[in-house]
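Visitor: There's a structure below that I have some questions on.
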């Protein structure tokens, strides 16, 4: 899906005429700026326009509510149905990724995807409870990936303990997933990884989950007053809602059946500054977004090997 950010102040509509957005057809058309967009009909100099189709296109004047409703409704439904879901924004710096995901809390119309997802998830869960009698338990976790060397930090450790100071919490780490990993046909280096050791706190209501979101944002390195611009660029937050679902066994033996699904809501930083010209000194560091592009392409193309897994 594509969201067009508003034009910066001082940019006229004429200079933006190389882009035509059609939300109804879910596509955009790019014209060669040298030909001054679709109005130019000079023979011999016109370059054919390029057209791109998406699952949804949101123009620059689309509201936060429109973007949230158009992006997460099906994902949340799938999570309640038992599948894992993930939502994130991918784009250049200063385009509004965090605004789209977080929004502002001054009104309901400016809330971002993450707070809206929390509210809608619990609404769907309550509806499912009434219809099927299934039991649900929701837990929240939040992890930050920050710094040039991409450290992992549990953002809810202080809430979980009530007393731990920053840096004293047990470390979050990546571990090879024995289930997903065994399904990967390639080498050990491509095994799926799972976050381990992060706090999972029970969230019986949407208000409690929203409280954990606020606590995670406050604990984030980029929220600290001494955080510089580079550290803000190198800060990503993974807010996850773990949905545990239980059903009574219909065989009459009184057993329970169920499973877990997860909704991953990710606020990405930018990571636009290169570390240096030396590949040896900067290898594997600060590559979050450039690597993510390769991962997305590999998944979409059905590649057997997923880079940077």
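Glycine residues also receive a Cβ, built from the backbone N, Cα and C atoms like all the rest.
Take a look at what TrEMBL says about it:
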- 91, 92, 93, 94, 95, 96, 97, 98: ATP binding site (BINDING)
- 1-309: domain 'Kinesin motor' (DOMAIN)
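Locate each feature and note its surroundings.
Guide: Neighbour density for residue 92 (ATP binding site): within 10 A of its CB lie 10 other CB atoms from the protein chains shown.
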Visitor: Within the same chain, and leaving aside 91, 92, 93, 94, 95, 96, 97, 98, name every residue whose CB is within 8 angstroms of the centroid of the CB atoms belonging to the recorded ATP site, in sequence order.
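Guide: My list of surrounding residues reads 5, 89, 270.
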Visitor: Looking only at the domain 'Kinesin motor' (1-309), report the model's average pLDDT.
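Guide: The average pLDDT of the model in the domain 'Kinesin motor' (1-309) works out to 79.
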Visitor: Mind telling me which of the binding-site residues 93, 98 has the densest Cβ neighbourhood, counting other Cβ atoms within 10 Å?
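Guide: Of the binding-site residues 93, 98, the most buried by Cβ count within 10 Å is 98.
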Visitor: Whose Cβ, among the binding-site residues 94, 97, has more other Cβ atoms within 10 Å than any of the rest?
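Guide: Compared across 94, 97, the most Cβ atoms within 10 Å surround 97.
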Visitor: Other than its own, how many Cβ atoms are within 10 Å of the Cβ belonging to residue 91 (ATP binding site)?
Guide: 15
